[in-house]
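S.K.: Just dropping this structure here.
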Amino acid sequence: MAAAAQRLLAASTKIVGVGRNFVAHAKELGNPVPKEPVLFLKPTSSFLHAGVAGAAIEVPEPVESLHHEVELAVVISQRARDVPEASAMDFVGGYALALDMTARELQSAAKSAGLPWTLGKAQDTFTPISAVIPKSDVANPDDLELWLKVDDELRQKGSTSDMIFKIPSLISYISSIMTLMEGDVILTGTPEGVGPVRPGQKIKAGITGLIDVEFDVQKRKRSFST
């Protein structure tokens, strides 16, 4: 079971992000609380797998405000299209701890111009992710404590119990719009406390009692615009 869960990420075709899925986080950024899920896409090339020697979150020039967002990732086990909420959990193969790294000034500029968030969300190393936790190892995904520290300072701590849209609702909604494939990842949103990280700092994050990860932050050697 564990080996099968680890193989899922290798098959992933896309990462579906869910924005503003915690009331406190929506409010801390001055956003309204959504009435339906706010979705965005990230490419699988943005994955940064925990435990890989030398792997680090890269801050590209000229980004000055790269923010951390700790999230529960849901990993899909099989093709899912128009899935009803009642059977949505049958399509979950496992979970992971993920970070939705966000170049905040690029995202804010895109939002102001009415443009997609791609530059702020989709760059290489912007989705650090843990190993997959088999579904059978998670008794209640609606009651998991997420936490994140920067240089041992606690920045984020929250529970998936505070998510506005729960996992079955997200799977049903997303699969009504696009087909979810085996290995696809849903980032379910972040609790409050997001903030910037700088090159030279270290991020530690985890799901209490299940898994923890750490990533170094370094400056990318080239600007994303050259």
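Cβ atoms here come from the backbone N, Cα and C positions, even for glycine.
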S.K.: Pick the one from ASP90, ASP100, ASP124 that Swiss-Prot also lists for the Mg(2+) site with GLU69, GLU71.
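M.R.: Answer, per Swiss-Prot (Mg(2+) site with GLU69, GLU71), from ASP90, ASP100, ASP124: ASP100.
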S.K.: State the residues, same chain only, that lie 6 or more residues beyond the ends of the transit peptide (1-30) and have a CB under 8 A from a CB inside it; answer 'none' if no residue qualifies.
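M.R.: For the transit peptide (1-30), the list is 37-44, 46-47, 49, 75-77, 93-94, 96, 100, 121, 127, 129, 131-136, 158, 162-165, 170, 174, 178, 180-194.
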S.K.: I'd like to know which of these binding-site residues, GLU69, GLU71, is least surrounded, judged by other CB atoms within 10 A.
M.R.: GLU69
S.K.: Neighbour count, 10 Å Cβ-Cβ cut-off, for ASP100 (Mg(2+) binding site): what number do you get?
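M.R.: The answer is 26 other Cβ atoms.
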S.K.: I want to verify one value. Collapsing DSSP to three states, which class is GLU71 (Mg(2+) binding site)?
M.R.: strand
